[in-house]
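According to TrEMBL, the protein has these features:
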TRANSMEM  12-29  transmembrane segment
DOMAIN    49-199  domain 'Peptidase S54 rhomboid'
TRANSMEM  50-73  transmembrane segment
TRANSMEM  93-116  transmembrane segment
TRANSMEM  123-142  transmembrane segment
TRANSMEM  154-175  transmembrane segment
TRANSMEM  182-200  transmembrane segment
TRANSMEM  206-223  transmembrane segment
Amino acid sequence: MGKPLFYEILEKPATSCIIGICSMIWFYIQKKNIGYSHVGLSYETAVEGNYWRIITSAFSHVSVIHLVFNMSALWSLGVVEQLGHLGLGVEYYLQYTLVLVVVSGVLVLAMYHLLIQRFKLEYFRRVTAVGYSCVVFGWMTILSVKQPSSKLDLFGFLSLPISFAPFESLIFTSIIVPQASFLGHLSGIVVGYAIAWDLIHGMSNYWALSLLGWIALVFVLSLKRSGALELNFLEIESVTDPSLPSVRFLASNSGRTLQMSALPNGNVEIV
């Protein structure tokens, strides 16, 4: 008999928080009827400067099945938080989750760029990817190198040897779910191996916080640049009486407004 859920949550605090965040975002997306094109990542939107979508696409999901599959796998992979004796642990998990989100998103865009510019495959220009699978596949790969004896449990009844899980899952999802992003999943695997083999290394709390700060800055600036975020704190009224010049500061009724504009119809890939 397994441990009570409460104790497992305490043993996997970071994983539990991420699952909670993804679930709340999914609920908000469903409640507000937000489409994948509003939050997903595509080559076309990235070229337009919508870099904030690297973050929103990772934490957004198209359907409840999409969410449950990713979160079920992530919950199993949360064992990384308990492997401090192998040089992993909670801090390592948080630091390299940040790396996986950003680097795998950038790598997907680089793959799209190569396919579009070199091989003239215009299909990939408007393919929109959403989902946390890049990170999930990244942690599958890291765990397969660091702890090859582990198993990946899905939905509480399906168990896969972690050493084969990245490529088994890559092939399985590509066959069973045609919309699954092969390139998105592959990018997670590539970045996962780069981390596991120490090609990407040296992360500390200092560098993680620095990276988080830069991500927040680029996120806000790209939102502003793309027109998705208005920062109107000050409005100056024109003078109505030339003899009595006046300047008044008016507070905007709506304050900061987040606006989502629909993109032209394209293709969606879930990751």
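Keep in mind that glycine also has a Cβ here, set from the backbone N, Cα and C atoms.
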Recorded stretches the transmembrane segment (123-142) and the transmembrane segment (206-223) touching, at least 3 CB pairs under 8 Å: no
Spatial neighbours of the transmembrane segment (154-175) far in sequence, C-beta under 8 Å, 6+ residues away: 68-69, 72-73, 76, 133, 137, 140-141, 143-144, 147-148, 182, 185-186, 189, 192
Selected stretch (most C-beta pairs under 8 A with the transmembrane segment (93-116)) from 12-29, 50-73, 182-200, 206-223: 182-200
Sequence-remote partners of the transmembrane segment (206-223) [C-beta within less than 8 Å, at least six residues beyond its ends]: 49-52, 55, 94-95, 98-99, 102, 229, 258
